[in-house]
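First up is the structure itself, then whatever we jot down about it.
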Amino acid sequence: MGRSGGGGGEGSGAGGPGPGLRAHLGALLRAPPRAPLLLSVLLLGTYFFYCLSGPCAAARPPSQPAAPPATRAPQPPSWAPRPGRLLPAAAAEPEDPPEPEAQRGGAGTPGGGGLPLASSFGSRRFPQALIVGVKKGGTRALLEFLRVHPDVRALGAEPHFFDRCYNKGLAWYRSLMPRTLDGQITMEKTPSYFVTKEAPRRIHNMSQDTKLIVVVRNPVTRAISDYTQTLSKNPSIPSFQALAFRNGSSGLVDTAWSAVRIGIYAKHLDNWLQYFPLSHFLFVSGERLVSDPAGEMGRVQDFLGLKRVVTDKHFYFNETKGFPCLKKPEGSSRPRCLGKSKGRPHPHIEEHVVQRLREFYRPFNLKFYQMTGQDFGWD
């Protein structure tokens, strides 16, 4: 019995764990496994290290909006500023949808040049300057020459707002205008304004500070040019002589005919001077615009407060058309001349008819010279 008891005690010490060891092993088995936890900590640490030092650092911060999908870049507008030019701090009018492509300028177009910018820059403003007359005086040439200047943005078509479309309202009129930046001038030209009785009052109501440009030409030559244009559209009209005089060449000059009436410049100017002082006008010689385009353009740029950018280097004389054209712009294959409707050959008008018209216009011309302080040399 004593051996048996001693043998049992030895078995417990050598053949199996003692009570202390068994307690320790039980605690280990009851504890949660640590290997998965350690592995998770290791993976998270590696991930954060990778993000801080690698690709994640290039991601856009949450505070910045993600870039929109790439789209086709818009065509550069003709008013795009030169390098270093600041954009306006505030727009004169809330922005509205971008202009259609057909209304934008750009490099190689009149008024083009500068850095490409989206058309949403700038604001639509009422014109600060208008070319108000006269028909067949050279207004289209002047407008195209001006559009070469980077600080001029001009509407290409004649809107006829102050004579035909006034009922559409000023908001409609402004919506037609191209966008401009601070320091740029908005312009339009409609030659019929000069002979429209209501036009000066309406323009004054829009802005009494508007600058007004009138291109004038020898009224006899202007009348013949006017007739030539009408004849090209309607070959069946009566002769120039039949329209200019009430009873043939022996009758009185018919001032009801618009081709004659437009050339009575003093009468029309008198109406304008009721609303605008003479200092708001610039009278451009249509003849000198042909013979010395750079000289007349210098006067126009000074009047508009612009730097003299358009100079003699921009022009060459087209012998076929008989008037100056703009030299080809950079990147263009040919120069820019006015359309085929300009420079049409005039029909032959008998000398005695021309002489009678000269005599008719002479007193009006002299009064016009006196009113403007300029002798245009038509007499």
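Any Cβ shown, glycine's included, is placed from N, Cα and C.
Residues or ranges marked as region 'Disordered' in TrEMBL: 60-118.
Per TrEMBL, the feature compositional bias 'Gly residues' maps to 105-115.
The domain 'Sulfotransferase' feature in TrEMBL is assigned to 127-362.
The Cβ of LYS136 (active site, for sulfotransferase activity) lies under 8 Å from the Cβ of PRO191, ARG217, ARG222, SER225, ASP226, GLN229, each of which sits 6+ residues away along the same chain. For LYS136, the entry in TrEMBL reads active site, for sulfotransferase activity.
If you look up TrEMBL, you'll see LYS136, GLY137, GLY138, THR139, ARG140, ARG217, SER225, LYS342, GLY343, ARG344, PRO345, HIS346 marked as 3'-phosphoadenylyl sulfate binding site.
Its Cβ taken as reference, CYS325 (disulfide bond) is surrounded by 20 other Cβ atoms within 10 Å in the chains shown. Annotation source TrEMBL lists disulfide bond at CYS325-CYS337.
Comparing ARG140 (3'-phosphoadenylyl sulfate binding site) with CYS325 (disulfide bond), their Cα atoms are 12 Å apart once rounded. For PRO345 (3'-phosphoadenylyl sulfate binding site), the same-chain residues 6+ apart in sequence whose C-beta sits under 8 angstroms from its C-beta are THR228.
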